[in-house]
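> Submitted below is the structure of interest, expressed as structure tokens.
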Amino acid sequence: MLACCVIFVAVVPLLPLGLVLAERKVSAHIQDRVGPMRVGPHGILQTLADGVKLIFKEDHIPREGDKFLFVVSPYIIFACSFAVFAAIPFGRSILVSELNIGIFYIMAISSVIVMGVIMAGWASNSKWSLLGAMRSAAQIVSYEIPIGLGILSVVMLAQTLNMQEIVKGQDGIANWLIFRTPFTFIAFFVFFISSIAEVNRTPFDLPEAESELVAGFHTEYSGMRFALFFIAEYANMFAVSAIASTLFLGGWHGAITLGGLLGVVIKTLFLVFVMMWIRWTLPRLRVDQLMNLCWKYFIPISFFNILGVGIWGLIFPKDSRLSIIISIAAIILGLIFTFGVLGKSLSKGPKPPPSSAERRVSATT
């Protein structure tokens, strides 16, 4: 336990440094660039140089702002972002604290982050910061609902809130909870997309939309206080990806041979890469589109998943080879149907604009 705590304190704060460099390289290759190359071999020391630069920047506090809340809020976000890692199992014995309510602890701690965001926006005494904070409160609170409902579908199958016990019940790729029922397969994608919104990543980065709000809730921050927000964002990315791999993708159980710490890190980094890929592929949503996606689609789908998992549990009280075969077959058929519908709708192409005669007819009617 003590060794895990030492590793946690020494390694976890360094994760965002590697992820920032990885995102710069990923975005560069997506855009046919080379990315940072000047500092260190292949630019691997660029993030370290940026950190040194931020240390020496001026620590600015708005004259008319709330100084106490302005100073405290970055530390609240930073502390809560890293406290989540304490309950995530990275191996059979690599775990800081094996809590019997581990997933409940993670949800409770991560919910506090929104308070730090609101405090930062209010204390800045800036309309841009306050609007960004209000957007963040609406967004995070809304998307916590489908995330919680997705976790509930996992808990219904695992019959425990202990993260380590959830992983132990997923030995073998066929026993991963994403394949256990067709409903948890859908729940994984709802959970993952909602997690992207939870950590304010593009296309859901409305709280810090630079085209509208300069930088959102941390517009007035500079130096290391700004760096704390930046580090917390990438720590949250890694944390939600690790939670998704733990709940749905077998955790430290390997897909074929790779297991343990290496297995969970590979799965987590793959999900982080998908987040980066989405950021540099999709445009930002509007506020109304963001809320419609949550309340009109994800929440009803999540309730449907819970109902489906309950019915599945009544039909198959115990997991068996037959139930897993039926589940995988249903998932494959669902994917074929979905891609068939999407392919048919995309093959039609965009609707041509109305002709001048049609416009005149519609204007007269």
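The backbone N, Cα and C atoms fix where each Cβ goes, and this holds for glycine too.
TrEMBL feature annotations, pasted as is:
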SIGNAL    1-22  signal peptide
TRANSMEM  68-90  transmembrane segment
TRANSMEM  102-122  transmembrane segment
TRANSMEM  143-161  transmembrane segment
TRANSMEM  173-193  transmembrane segment
TRANSMEM  226-249  transmembrane segment
TRANSMEM  255-277  transmembrane segment
TRANSMEM  297-316  transmembrane segment
TRANSMEM  322-342  transmembrane segment
REGION    345-365  region 'Disordered'
> Give the nonlocal contacts of the transmembrane segment (297-316) in its own chain as ranges (CB under 8 Å, at least six residues past its ends).
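Same-chain residues near the transmembrane segment (297-316) but 6 or more away: 143, 145-146, 149-150, 152-153, 156-157, 181-184, 186-187, 190, 193-194, 322-323.
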> Which sequence-distant residues neighbour the transmembrane segment (322-342)? Criterion: at least 6 residues beyond either end, Cβ under 8 Å.
174-175, 179-182, 185, 312, 316
